[in-house]
C-alpha cells in the first residue's frame with residue numbers, strides 16, 4: 001500500500017508542531033477557581049473575559065522564602081498555579097522559586113511535560129542533567145548565570161556552599177510540568193515495586209531495598 005505524499009507531509013508537520021500544552025484560543029483565560037471543578041480538562045474553565053482585572057495577572061507567591069527545613073534534603077519549591085496566578089491558565093508556562101539550604105540538594109528528578117530554564121539569583125550551585133545516552137552535563141553557576149534542563153531529562157541542583165543558602169527562579173514550558181523524583185518513584189511507590197525487580201535492577205540485596213525504602217519514607 002502506497003502512502004499519499006500529501007498525507008505524510010501533514011503528519012510530519014503535525015508531529016513537529018505538537019507541544020505539551022495546546023495553544024490558547026483567546027487572548028487569555030482567567031481560571032475559574034471559586035467553584036469545585038466537575039469537568040476535568042487541560043487547564044481550567046475561564047471566567048467571563050469582561051471580569052478580567054490586572055490582579056489576575058499578578059502574584060506575590062514567589063516573593064517569600066520557602067522552608068528548606070521541611071525535608072531532609074534542604075530545599076523548597078514554590079510554584080505559581082491557577083490559584084495564586086489565575087491569569088496563567090492555558091498560557092503553557094509555570095514559574096518556580098527554589099530555595100536551597102547550605103549543602104542542600106534538589107535531587108535527581110524529571111519534569112515529564114516541560115523544559116526548564118533557571119537563573120541563579122543568590123549563592124553558588126552545581127547543576128546538571130543526564131541525556132538518554134547517559135552523558136552527564138554539569139555546570140557550576142554563579143549569581144546571574146542561567147542553565148537549561150531539557151524536557152523529560154533527569155536533572156539536579158546542589159548548593160556547593162555549606163553555610164549560605166541559594167535561590168533560583170525557574171521558568172517551565174507547561175502549565176502543569178509535573179515532577180517525579182527518581183528515588184521516590186522507584187522505592188516509595190504504592191503498591192511497592194517487587195523487591196526482586198529492584199534487587200536485579202540496582203544489583204543490591206533485600207536488606208538494601210528495605211533500608212533505602214525506610215530512608216525515603218516508603
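Cβ from N, Cα, C; glycine included.
Listed features, source TrEMBL:
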- 109, 111, 116, 155: Mn(2+) binding site (BINDING)
- 111, 116: oxalate binding site (BINDING)
- 29-46: disulfide bond (DISULFID)
- 60-210: domain 'Cupin type-1' (DOMAIN)
- 1-20: signal peptide (SIGNAL)
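Sequence features annotated in TrEMBL and their locations in the structure.
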| residue | record | Cβ neighbours (10 Å) |
| --- | --- | --- |
| 29 | disulfide bond | 22 |
| 46 | disulfide bond | 19 |
| 109 | Mn(2+) binding site | 18 |
| 111 | Mn(2+) binding site | 25 |
| 116 | Mn(2+) binding site | 21 |
| 155 | Mn(2+) binding site | 23 |
Taking the Cα atoms as reference points, how far is residue 116 (Mn(2+) binding site) from residue 29 (disulfide bond) in Å?
23
Between residue 29 (disulfide bond) and residue 111 (Mn(2+) binding site), how far is it from one CA atom to the other, in Å?
24
Determine, to the nearest whole angstrom, how far the Cα atom of residue 109 (Mn(2+) binding site) is from the Cα atom of residue 46 (disulfide bond).
32
Check: same-chain CB within 8 A of Mn(2+) site center, minus 109, 111, 116, 155:
110, 114, 129, 149, 153, 154, 177, 179
